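See structure below.
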Amino acid sequence: MVSPAIALAFLPLLLTLIIRYRYYFVLFYRAVLVRIWRDCVTGLSREERAYQYVLVHATPGDPDSILEAFDVWCSKVEYISNIGPKKGKILDRLLMEQSPLTVLELGAHCGYSTVRIARALPLGARLYSVEMDQRNAAIAEKIIRLAGFDDDTVELIVNPSDEVIPRLRADYGLERLDFVFMDHWKKSYCPDLQLLEGSGLLGKGSMIVADNVLFPGAPKFLRHIRKSGLYEWKVHRATLEYSKGIRDGMAELVYQGIK
Amino acid sequence: VDEDEVSIFQEEREKERRRRRRDGERDKKRRENGRRKASKDVGEGEEKYQTKREKRERGKTKRSKNDREAKRRETYKEEPVKVKNNEEEDDKEKELRPEDLSPEELEKLKEAVDERKKLIQSLRGKPWPMKKKLVALRESQEFVEKYEGALGKGKGRKLYAYKVMMTKKWMKFQRDLENFKTACIPWEMKIKEIESHFGSSVASYFIFLRWMYGINMILFGLTFGLVMVPEALMGRPYGSIPRKTVPRAEEASAMDFAVLWDCGGYAQYSVLFYGYYNNQRAIGWLKFRMPLSYFLVGVGTVAYSYMVVIRTMARNANESGVGDDNSFNFSWKTFTSWDYLIGNPETADNKFASITTSFKEAILEEQESRKDDNIHLTRFLRVLANFLVLCCLAGSGYLIYFVVRRSQKFALDGLENHTWWERNEVNMVMSLLGMFCPMLFDVISTLENYHPRVALQWQLGRIFALFLGNLYTFIIALMDEINLKREEEMIVKFNITMWETSLYNGTEPENSTAPPISIHPADVPRGPCWETMVGQEFVRLIISDTMTTYITLLIGDFIRAVLVRFLNYCWCWDLEAGFPSYSEFDVSGNVLGLIFNQGMIWMGAFYAPCLPALNVLRLHVSMYLQCWSVMCCNVPQERVFKASGSNNFYMAMLLVILFLSTLPAIYTIVTIPPSFDCGPFSGKKRMFDVIHETLESDFPAWFGKVFSYASNPGLVLPFILLMVLAIYYLQSTSKSYKEANVELKKKLQAQTHHSSREQQTQNKILPQITFIIVLSIAEPDKS
């Protein structure tokens with residue numbers, strides 16, 4: 001039997017852990033517990049709830065108001081891991097500087113980042129958005145159309161990314177990708193990047209932006225870009241979307257090719 | 001305290017630096033040798049290079065066969081020419097052989113050599129570009145090397161060659177000796193390796209550990225050589241008298257591991273503890289004065305520690321006192337912030353990041369020093385943080401007090417009736433609190449929003465307060481226990497006299513001077529011996545502290561690292577870069593742990609002579625264990641702190657701890673009479689009476705007289721007064737020196753400022769003057 005005094009001596013440890021990792025506890029509560037509870041109560045999926053909220057609160061045809069509605073829902077009501085306003089600004093800036101003509105987005109989820117990218121594209125540019133999940137893709141489609149982007153600007157491809165990338169050249173007649181945005185499964189960052197390298201779609205100066213490379217994190221991806229020497233790269237340090245204390249980063253890679 | 005590179009043990013670092021420089025020179029020489037060789041091979045090399053290039057060209061451009069053949073012909077043509085050239089050069093060298101030279105030519109050569117030598121010496125001051133300097137240096141060195149040896153003729157030449165050989169041998173010998181010396185410094189290579197991976201602050205901890213180890217070795221040597229060994233060899237053997245025998249009641253369990261682990265049984269009745277020593281004035285054929293030696297060693301260890309700590313502090317202060325903290329903040333940062341001992345890319349990255357952040361912070365600080373926003377909020381948060389910390393301190397103090405009182409209750413009941421947890425509650429709770437409270441402080445200190453350096457100092461201060469509070473609570477509780485034991489002793493003493501009289505009464509009452517009845521020493525009743533109890537408590541504390549440290553190391557570092565490393569393959573987020581990550585090495589916590597551990601040693605060493613030995617063992621093991629764990633499972637700190645002036649800070653802490661830990665020991669020695677039936681001072685009124693005794697019986701009478709005069713308050717008081725005055729005088733002179741230094745510095749600054757302004761004014765004036773001159777030249781033309 002451990003005496004109560006010894007148990008009491010562990011109190012500081014407990015307090016420390018709680019205080020130090022409070023953001024993670026909050027995230028766990030918001031992203032997991034609230035989600036499960038709401039799923040049970042409403043019978044809808046999280047993305048559908050978000051869509052309903054956006055439909056009610058945003059002006060159709062106005063991408064800014066849609067993004068804002070999303071941000072409000074994600075920070076006030078529930079939690080969806082979109083790119084978020086702060087990292088979104090970095091993304092906007094990169095897009096403005098680059099002004100790419102062909103953009104590939106891996107992981108549309110419910111369309112937030114798609115709208116964000118499409119908003120910043122120059123005239124005549126085309127965005128290919130890849131989403132694996134059928135239901136999410138349906139919602140993303142609705143959101144994109146709601147924001148006022150037609151088929152010429154945004155093309156939604158409903159398939160896993162590792163199937164889509166090898167067929168991009170054949171099926172969609174792509175010659176070169178100017179900009180790639182990755183925000184899908186963190187585990188497939190590295191294989192997908194290798195697929196892209198192998199497909200020959202990346203040219204000198206193509207930019208690849210990958211979100212969430214620190215949390216939840218894509219260590220293999222980072223290791224690969226560090227070792228391959230094909231890229232000039234840096235990590236924009238920021239915090240996790242809709243959360244203050246969890247550090248996260250967005251990797252910006254510029255393809256240099258084999259020197 | 002600025003962040004520039006000042007290491008804990010400047011001396012060692014200095015040595016190291018010197019060695020490095022020497023290594024560098026050696027490397028240079030080696031490189032030059034290589035170059036020389038290369039220059040010899042240049043002819044061949046060029047050819048090779050050319051042929052290679054041609055081959056490459058051939059491979060690249062697919063020309064016609066004819067072309068290629070033509071090329072080949074060309075190369076063939078070239079090669080013989082080259083060979084010829086070489087031969088010509090060889091001929092030249094042959095011509096220059098000194099044997100064949102006329103005396104005038106020799107003279108000339110000598111002059112040339114001398115000139116070259118001069119050039120080498122004065123090269124550094126020449127206003128040439130670096131490239132030219134290097135080329136000139138290499139050429140002249142080659143020249144000198146080539147012809148110097150050849151200059152002398154016959155005997156002189158041989159002698160010269162011999163001399164050169166000897167100097168070379170001597171240099172090699174010196175180099176080897178130097179290498180050998182560094183190899184002799186214990187753990188030097190280990191520490192260097194850690195330094196290259198983790199920066200100087202982590203290395204400074206290990207250097208501190210090594211230094212501690214050295215001190216403890218000496219303490220151990222003193223106690224072992226002058227107390228334990230003489231008693232074991234020359235003192236009465238085990239079982240001869242009651243204090244050297246395990247009592248009958250404990251005999252059955254005296255060899256049990258649990259009992260030994262608690263320092264009972266045979267461990268208690270051995271040289272390891274105070275109670276075993278006999279009060280026999282002189283032992284063995286050497287007439288070794290055991291009690292005196294015991295007392296003097298007790299005093300000597302403390303005195304030696306004081307001396308070492310103060311001397312180190314003074315040396316550190318001398319060396320680090322030159323730095324200028326406030327002015328040129330940014331230039332200090334720019335030019336001195338790199339840690340040149342880092343040899344690991346990851347650490348270098350971290351260092352780089354930390355330098356940039358420190359720049360950012362410094363700039364922010366500069367900005368914030370002009371405007372401060374919402375000072376009330378920060379003040380409130382700081383007060384709140386301190387309040388929380390105080391609560392935490394009070395809570396931990398109360399918990400320890402509570403536990404100690406409970407343990408006394410357990411002791412009264414009899415320890416055998418309680419579980420292991422309950423018996424070791426005090427030590428466990430103290431170790432756990434000492435481990436976890438600093439973490440809590442660390443978390444609380446994020447509230448305060450201090451600069452990290454200031455935050456570190458606060459953190460250190462708080463941990464210090466915590467440890468000190470815990471230690472003193474422990475000691476106060478121990479004092480209570482001592483008082484209890486003494487009461488018990490009174491009763492036992494009374495009982496023993498009763499017992500003895502009953503013994504004598506029981507036998508032959510008419511013959512009281514008869515030889516005493518022989519009773520086995522194990523059966524003799526004895527007092528509680530509070531000194532041994534104190535010693536045991538300290539030994540137990542040290543052991544449990546060591547165990548906790550090692551277990552934390554294994555669980556907190558090793559197991560965590562293993563989990564992070566291998567679970568990362570199948571986890572949904574990045575464990576290595578993200579949430580649990582690998583642990584960092586906590587320098588300040590470890591240093592404080594070390595310091596307090598040492599404090600406990602100083603406190604308890606008088607009552608348990610085995611403590612220094614135990615500590616040496618502990619430090620030895622923890623050196624290896626921590627070196628291993630640092631290299632194996634820690635990552636470099638994200639904010640790499642320099643081992644800056646904190647060294648003296650640590651030293652000051654050590655001094656304070658030394659003082660505070662000798663205080664209770666001295667108090668007990670001076671005020672509490674020793675136990676009547678155990679230890680070297682039994683039967684005396686106070687422990688220090690042993691000195692009087694020695695003076696009276698071992699020294700001539702006049703010495704005792706002189707001593708008694710000298711210890712007269714009429715003499716002692718003026719002496720103390722004189723000492724105070726001397727200290728005051730030294731203090732004031734040092735202060736005036738410091739002021740003079742500051743003045744000089746100001747003057748220097750003012751001068752540079754002035755001269756720069758003069759230059760500026762000159763720059764302003766010059767164009768005006770030229771303008772006027774131009775005008776005056778132009779005007780006559782006009783007119």
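Just so it is clear, glycine is given a Cβ too, placed from its N, Cα and C backbone atoms.
Heads up, TrEMBL stuff is auto-annotated, nobody curated it.
Look at TrEMBL and you will find B:28-38 tagged as compositional bias 'Basic residues'.
Per TrEMBL, the feature compositional bias 'Basic and acidic residues' maps to B:39-57 (among others).
The compositional bias 'Basic and acidic residues' feature in TrEMBL is assigned to B:64-86 (among others).
Here TrEMBL flags B:93-105 (among others) as compositional bias 'Basic and acidic residues'.
The domain 'TMC' annotation in TrEMBL covers B:529-644.
Among the features that TrEMBL reports, region 'Disordered' is placed at B:1-105.
What TrEMBL lists as transmembrane segment is B:211-234 (among others).
Feature annotation from TrEMBL assigns transmembrane segment to B:291-310 (among others).
Within its own chain, the transmembrane segment (B:383-404) is flanked in space by residues 425-426, 429-430, 433, 437, 440-441, 444-445, 447-448, 462, 465-466, 469-470, 473-474, 476-478, which lie at least six positions past its ends and keep a Cβ under 8 Å from the stretch. Feature annotation from TrEMBL assigns transmembrane segment to B:383-404 (among others).
Sequence-distant contacts of the transmembrane segment (B:425-447) (same chain, at least 6 residues past either end, Cβ-Cβ under 8 Å): 381-382, 384-385, 388-389, 392-393, 396, 399-400, 403-404, 406-407, 455, 458-459, 462-463, 466-467, 470, 474, 540-541, 543-545, 547-548, 552, 589, 593, 596. Per TrEMBL, the feature transmembrane segment maps to B:425-447 (among others).
Among the features that TrEMBL reports, transmembrane segment is placed at B:459-479 (among others). A Cβ distance under 8 Å defines the sequence-distant neighbours of the transmembrane segment (B:459-479), meaning residues of its chain 6+ beyond its ends; these are 389, 392-393, 396-397, 400-401, 404-405, 408, 426, 430, 433-434, 437-438, 441-442, 445, 534, 537, 541, 588-589, 592, 596, 599-600, 603, 649, 653, 657, 660-661, 664.
The transmembrane segment feature in TrEMBL is assigned to B:649-670 (among others). Among residues of the same chain six or more beyond the transmembrane segment (B:649-670), those with a C-beta under 8 A of the stretch's C-beta atoms are 1, 8, 208, 298, 302, 305-306, 309-310, 312-313, 316, 457, 460, 464, 468, 471-472, 475, 479, 482, 534, 591-592, 595-596, 598-600, 602-604, 606, 686-688.
Residues or ranges marked as transmembrane segment in TrEMBL: B:706-730 (among others).
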Long-range Cβ neighbours of the transmembrane segment (B:211-234) (under 8 Å; 6 or more residues past either end): 9, 186, 271-272, 276-278, 283-286, 288, 290, 293-294, 296-297, 300-301, 304-305, 308, 312, 594, 598, 601, 605, 609-610, 612-613, 615-616, 619-620, 623
Model confidence over the domain 'TMC' (B:529-644), averaged pLDDT: 86
